[in-house]
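Q: Quick paste from TrEMBL:
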TRANSMEM  A:12-32  transmembrane segment
DOMAIN    A:19-440  domain 'DUF112'
TRANSMEM  A:39-63  transmembrane segment
TRANSMEM  A:120-138  transmembrane segment
TRANSMEM  A:145-178  transmembrane segment
TRANSMEM  A:198-218  transmembrane segment
TRANSMEM  A:256-283  transmembrane segment
TRANSMEM  A:327-346  transmembrane segment
TRANSMEM  A:358-381  transmembrane segment
TRANSMEM  A:387-410  transmembrane segment
TRANSMEM  A:417-444  transmembrane segment
TRANSMEM  A:464-485  transmembrane segment
Amino acid sequence: MLNDILLGLSDALTLTNFLYIAAGVLIGQVFAAAPGVGALTAVTIAVPFTFYLNPVTAIGFLVGINKGGTLGGAVSSILMNTPGSPEATATAFDGYPMAKKGQALKALRTAHFSSVTGDAISDMVLFLVAAPLSILALQMGPAEMAAVVLVALVVVGGLVGNSIVKGLIAAFLGVLFSLVGTDPETAGGRFTFGIPELMDGLSISAVGIGVLALGEIFRQMVFHGDEANGSAQAAELGSREANRFRWRDYRSVAPTIFRSSAIGTIIGAIPGLGSTAAAFLGYSSAKRAAQDPESFGKGDIRGVAATEAANSAVVGANFIPLLSLGIPGNVAAALILGAFIIHGISPGPQLFAEQSRLVYALFGAMMIGTFCNLFIGLFSMRLFSKLIQLPLVLVLPCVVLLCVTGIIVASNLFGAWLLVGFALMGFLMRILNFSFVTFIIGFVLGPMFELNIRQTILLSDGNIGFLLTRPIACGFILMALYIAWRLGKRRKLGAPQLSM
Amino acid sequence: MLFLTLSGISARILAGAFSVSLLLSFSGLSFAEAWPAKPLTLLVGFGAGGGADTLSRLVARELEKEIGQPVVVKNVAGGGGVVMATKLKNSEPDGYTFGLASNSSFDSMPWFAELEYKADDFDYLTTVTQLQNAIVASGDAPFNSWDEMIEYGRSSGLTFASISPITRRFINLVAEKEGVKIRIVPMRGGLEIMNSLIGGHVDIAWSAGVHQAYLSDGKLQVLAALNDERLSTSPEKPTVRELGYDKSYTTYFMFSAPKGIPEAILNKLTDALRKASASPAVAELAEDRMAFPNVVLEPEALKSFVLNNSDYYREAYRK
């Protein structure tokens, strides 16, 4: 056992591995920092190249891209208010106001250290308790999954904004668009209009990047980015002191980081929920726990820390079901699973027993990846923070180009048209004050909720007593009710709500 | 002549390929012998990174060695191969574009969904692996054979995880014939199904071969094979035909091309593809790592297989 650990770690700690992992992290950071391109595109392109590498190097390289990507995703959210993927949406809530106050570098550093901490914590959980946690994941049947999604929906309901009606309209619109595709039960088409590209539904990248990033860019173009750039630049020159991220800042956000890391790790260990749910849950919980929730959304450092720690913690924890059950938790993990297979490794229950040396080599590679992310981030974040000084006239067209190219690479030309359509929608939602946040949440969580509820109804044969045999599901449902009650009480008291 | 060739081939082609074709057109060789004058495109009906994609990329690499031109792999995922087949149907039948998907995208899907194509819009080139279809259950299930499963189902009912209309039709047939109440639960994807079986959330499910990784430690068990013959990884388990059903579900990952490719080119492409598909590297990946038999069918056999299936599903769908 100890022998395997040492052999595995020494397999990981070679110069070749180190260079590949560092390159992966750098690629991940840069790809994810560019809105619309994303680390997922980088992983997709990189998979075929890894065929020629040895297994540890190959997986380490891909894991490096994945890790770098979780950090890079924060960059465009903070600097331009244009999240490159849904998981970084909540980063912009406080990151962008910080940038406008001239604290771009501080926001990026917060994201950097929170992301690396969240990632490191979830890696530790993976190394230490992968096996018991994977048993927990197996307990999560359709009823439990539906109940967890219900909790997530109620919790993020706190983000609905000032107008509940508009927030709900946007949320249900998100659910409506998520219905496009093939019905899971009958395989009949829903809103597909005979277009084969729509059979698998609207791609999350086209909808997400369109509404979140390109929609915001359209708004900045139309309104000349008046407040956006000018004031940020002025403030940048104004107070260098306020732009520093100090040790005492880290200490002040540490509780937030730990809470979000725990949320991200649990969500990541359950296949299928994903980092977007974790990010919003992390943000909402931090806001709820705060003494002064009204400061969130106005450039509170805890908002950035909560989101980034949560969505990064998903990355390590996603490997829990991947390694122990062979079940990928998200698309990136599915691509890495493909790389495992071509290298003759079949993840699953037998992997730890049969190839423990390889498992520990992989853990070693993940640790190197976390270290590289920390180290490279020290330089890259400073470099990225300079981007805010570029005039928007130059930046915006480049970003539009990146978004469109990214979609065409990831899907096809049809995806590019969808992107433009959803960008227009995101633009209209912004000027009409509809919450694009609840729209995205509805779009991401809607299908999960639908499928799991339908599965539960079929399994129970329509008998509600079935729920009594599922204690975990009951626990989550009670939790959702309690949170809804607390939320209603707070709203009645007139506590200020976040509007976006 | 020179100008015609120049404009016909156009500047977008690589300089190397261009000079080769120029040379050949001067030496008076026929069009077929000039093939392949430029890189080929292999459309894969599944997403990047999965088993089918991995297999396709390896075949592409072996095919490059056979024909001396690059083979570009493009993932056209969606609808379990349907989006790829639609795109393939609309591509130029010049021998430069071909695709990989399961035969069900061609023989059954056109009858279950409204699609732009039918089975006879394509030429069928060859297969690369046979899938391993089976009805599977958790190793901890309260039954250990097909008959015990039916008996258990008569008293307690069964839940079945389904991924397609075909699996749904088959299990309905079983329920009707055996007088068992089977509740069908829709799921997306083989891995989700394996997870639900192991976690005890459903009783039985259809697997196209994902289950094989879970057999060695007893997490899953095969109840019956759905292929024509017994499965190599579970040779002791009967086929559904042996169990008294007049059915079998043999499926392949196979290559096809839009109809209308000149015969000489089609033959060249098919021959090269069959050599690549039967190469040791592909065989090793398929058989040793994925546990799928590396079956490389004759084009004629594949064609009649697909068209017969298509006729069968047309009738089945009408009922």
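Cβ atoms are placed via backbone N, Cα and C, with glycine included.
TrEMBL annotations: computationally assigned, not manually curated.
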Q: Output the single range from A:12-32, A:145-178, A:198-218, A:358-381, A:464-485 maximising the number of Cβ pairs under 8 Å to the transmembrane segment (A:120-138).
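A: Looking at each of A:12-32, A:145-178, A:198-218, A:358-381, A:464-485 in turn, the most contacts to the transmembrane segment (A:120-138) are made by A:358-381.
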Q: Report the listed stretch (A:256-283, A:358-381, A:417-444) having the maximum count of Cβ pairs within less than 8 Å of the transmembrane segment (A:39-63).
A: A:358-381
Q: Would you confirm whether the transmembrane segment (A:12-32) and the transmembrane segment (A:256-283) meet the contact rule of 3 or more C-beta pairs below 8 angstroms, pairs 6 or more apart in sequence?
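A: No, the transmembrane segment (A:12-32) and the transmembrane segment (A:256-283) are not in contact.
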Q: Hey, which of A:198-218, A:256-283, A:327-346 has the most Cβ-Cβ pairs under 8 Å against the transmembrane segment (A:417-444)?
A: A:198-218
Q: Counting only residues 6 or more past its boundaries, what in the same chain has a CB within less than 8 Å of a CB in the transmembrane segment (A:464-485)?
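A: Hits for the transmembrane segment (A:464-485): 139-141, 143-144, 146-148, 150-151, 153-155, 157, 456.
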Q: Need a quick answer: max count of Cβ pairs under 8 Å to the transmembrane segment (A:387-410), which of A:145-178, A:198-218, A:256-283, A:327-346 is it?
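A: Against the transmembrane segment (A:387-410), the leading stretch is A:198-218.
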Q: For the domain 'DUF112' (A:19-440), would you mind checking the mean pLDDT of the predicted model?
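A: Overall, the domain 'DUF112' (A:19-440) comes to a mean pLDDT of 84.
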